[in-house]
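S.K.: Annotated transmembrane segment per TrEMBL: 6-26, in sequence order. Residues annotated as region 'Disordered' in TrEMBL: 31-69. Marked as compositional bias 'Low complexity' by TrEMBL: 59-69. According to TrEMBL, the GTP binding site annotation covers 191-198, 273-277, 335-338. The feature domain 'SRP54-type proteins GTP-binding' is assigned by TrEMBL to 356-369.
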Amino acid sequence: MDMVTLIVIIAVAAVAIIGGGIAGLVTTTRRRKGRSLPTEAGTDVITRPEEPTVEEPSVEGAEPETVPAEPAAPVIEKPESTASRLVRLRQRLAGSNALGRGLLNLLSTDKLDEDTWESIEDLLLTADIGVAPTQELVDGLRTRLRVEGGKVDPKAALREELIKLVDPDMDRRLQVSGADDGAPGVVLMVGVNGTGKTTTTGKLARILVSEDRKVVLGAADTFRAAAAEQLTTWGERVGVEVIRGPEGTDPASVAFDSVKEGLDTGVDTVIVDTAGRLQNKAGLMDELGKVKRVIEKQTPVTEVLLVLDATTGQNGLIQARVFSEAVAVSGIVLTKLDGSAKGGIVVAVQRELGVPVKLVGLGEGPDDLAPFTPEAFVDALLG
Ligand SMILES: Nc1nc2c(ncn2[C@@H]2O[C@H](COP(=O)(O)OP(=O)(O)OP(=O)(O)O)[C@@H](O)[C@H]2O)c(=O)[nH]1
């Protein structure tokens, strides 16, 4: 064997040894991967690797065997019933609203002199009831206590006068059903951004679902992409379809598609969330007017709910006026009444618009929306 032959033999042997080692390493690595696979009983398809493992080599030309992924059943929540929402209304307002307690303390004093009546007036004004209703309430209460004297309990009289002020005769039913021809009711949600419009749309869908109604939501707030995202999340939680378009789409076209879907699928109610940019009244009127017109090519809008933030006081009233001039508002939703000492805004805004408060927002939780009833509201105020 000459020198050249010897070198060739050594080189071949070295390649074989090194190659075998690398092959062994690859196999070991793959096996390790293989051992870390979830067991057959595992249902977590997300972590299941797509490559075939070494233990199950794929046959050339044959389709790799794939296990069809079973879609995980969505977890549909069961929203709270209307009755227990009213209990919550009582708890939330009684716990946070100083108005009722302050009034009751003042009325409990032995002698109701001018100073006490002035303090009562101040409390009512601080709670945003408004000047004229405050005067009405104080006058009514003073007269009753003078005329009926010891025969009337001041607290019972206050309760009755407050209920009168909130107006128990207004029709507060939500028009969520369509006409007899089977068309869905259409609820249009309007209001300035940040008042809780999208949240309220989601909460309202939950109330309707809890009453076994079929609902479609329309994300016509196309100005802010996150609003559609937010609404989709609300819808998914209660198994409600949400119709949306790309960011910047004409809100009227999303509203149209939502109502069309509602008609095609035979739902009971379509709720359309809109963008509340208050750029100027003319712009707002154009946009809301168009949304309404386009919907009504298919079926009438049965309810226009104006969402107002109870903590914004006079500012809220100005917004309310602008919106009611842009579109015929049929009901008010007062949000963020929890933790607000401004419960009196209920009276002020109803007077301002001549439209009833129909729903109240009592927190950020999914079921923190309750139908408004004057008696329950006043009882909650008085604690
Ligand atoms: N405390 C409290 N917070 C609320 C209530 N309703 C809504 N919110 C909160 O108010 C904030 C604004 O709510 P959104 O629903 O995003 O307001 P929006 O009017 O739809 O605003 P855009 O989506 O920008 O149009 C959120 O943080 C809500 O959780 C309520 O009744 N009480």
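Any Cβ shown, glycine's included, is placed from N, Cα and C.
Model, not experiment: these values are computed from the prediction.
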S.K.: When you measure from each Cβ to the nearest atom of ligand 1, which of the binding-site residues G194, K197, T274, R277 fall under 6 angstroms?
M.R.: G194, K197
S.K.: Counting other Cβ atoms within 10 Å, pick out the least crowded of the binding-site residues G191, G194.
M.R.: G194
S.K.: In this structure, which of the binding-site residues K197, R277 has the fewest other Cβ atoms within 10 Å of its Cβ?
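M.R.: Counting other Cβ atoms within 10 Å of each of the binding-site residues K197, R277 gives the minimum at R277.
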S.K.: In sequence order, what residues of the same chain, 6+ apart, have a Cβ less than 8 Å from the Cβ of T274 (GTP binding site)?
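M.R.: Correct list: L188, M189, V190, K197, A220, D221, P251, A255, E287, L288, V291.
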S.K.: What is the number of residues in the domain 'SRP54-type proteins GTP-binding' (356-369) that are helix, strand and coil, as DSSP sees it?
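M.R.: So the domain 'SRP54-type proteins GTP-binding' (356-369) is made up of 0 helix, 6 strand, 8 coil.
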S.K.: Suppose we draw a 10 Å sphere around the Cβ of L337 (GTP binding site). How many other Cβ atoms does it contain, all chains included?
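M.R.: Here the count is 28.
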S.K.: For K197 (GTP binding site), what is the secondary structure state per DSSP, taken as helix, strand or coil?
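M.R.: Reduced to three states, the DSSP call for K197 (GTP binding site) is helix.
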